[in-house]
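Feature annotations, reproduced from TrEMBL:
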BINDING   ASP11, ILE12, HIS13, HIS40, SER41, ASP62, LEU63, GLY64, THR135, THR136, SER137, ASP138, PHE142, ARG145  4-CDP-2-C-methyl-D-erythritol 2-phosphate binding site
BINDING   ASP11, HIS13, HIS48  divalent metal cation binding site
DOMAIN    5-157  domain '2-C-methyl-D-erythritol 2,4-cyclodiphosphate synthase'
SITE      HIS40  site 'Transition state stabilizer'
SITE      THR136  site 'Transition state stabilizer'
Amino acid sequence: MILPRTGIGVDIHAFAPEDSPAPLWLAGLFWEGERGLSGHSDGDAVAHAAADALFSAAGVGDLGTHFGTDRPEYKGASGVTLLAEAARIVRAAGFEIGNVAVQFVGNRPIFSPRRQEAEAVLSAAAGAPVSVSATTSDKLGFPGRGEGITAIATALVIQNAPASAPER
Ligand SMILES: Nc1ccn([C@@H]2O[C@H](COP(=O)(O)O)[C@@H](O)[C@H]2O)c(=O)n1
Ligand SMILES: C[C@@]1(CO)OP(=O)(O)OP(=O)(O)OC[C@H]1O
């Protein structure tokens, strides 16, 4: 019997310093007027956590395995690009993707009004449903102080059945 496999992914990015501002890309969307996150890529912690959860579910390493900061081609890469590539790698390893669920912890951006837009963009990238939720940390910790964002994701995958032997 082939059972589904779950995975988990966590990603944290700090907001870029005031003297070196960056655009905010989060959950596959550009957030005009919001302070951006720092990173080797675009810093999209939601997309990165989703990609890591997929790798975890399939047992094929993690973000650093596939998109390490030693890879110049991923400098500035969009989270959507990394999520789509992660989904491709997981499928190439013989898995179908059931779904991905992500929650981020942060005061900003105010996420709910753009949830459907974000879920559509990320689901298209993964080729499977991606749901996204947000919560504040009630002003506690680094997300509460507005220093950065944490994203936590789970994913479910199922291994493709091996091709059956031909009938005699
Ligand atoms: N960045 C965020 C954070 C939260 N929300 C929405 O607000 C709800 C209440 O958040 P609490 O932290 O007070 O529990 C949350 O369930 C989200 O719907 C948001 O849109 N953006
Ligand atoms: C995505 C990568 C690669 O560009 O860079 P970052 O944007 O720094 O992201 P992080 O989630 O810290 O780790 C994975 C990195 O390999």
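Even glycines carry a Cβ here, placed using N, Cα and C.
With respect to LEU63 (4-CDP-2-C-methyl-D-erythritol 2-phosphate binding site), the closest of these recorded positions in Cα terms is HIS48, chosen from HIS40, HIS48, THR136. Annotation: HIS48 are the recorded positions among HIS40, HIS48, THR136 whose CA atoms are within 10 angstroms of the CA of ASP11 (4-CDP-2-C-methyl-D-erythritol 2-phosphate binding site).
Sorting the recorded positions SER41, THR135, THR136, SER137 by the number of other Cβ atoms within 10 Å puts SER41 first. The shortest Cα-Cα distance between THR136 (site 'Transition state stabilizer') and any of the binding-site residues HIS13, SER41, PHE142 is the one to PHE142.
Within the same chain, the residues at least 6 positions away from HIS48 (divalent metal cation binding site) whose Cβ sits under 8 Å from its Cβ are GLY9, ASP11, HIS13, SER41, LEU63, GLY79, LEU82, ALA151, listed in sequence order.
Looking at the residues that bind 4-CDP-2-C-methyl-D-erythritol 2-phosphate per the record, ASP11, ILE12, HIS13, HIS40, SER41, ASP62, LEU63, GLY64, THR135, THR136, SER137, ASP138, PHE142, ARG145, the two CA atoms farthest apart are separated by 31 Å.
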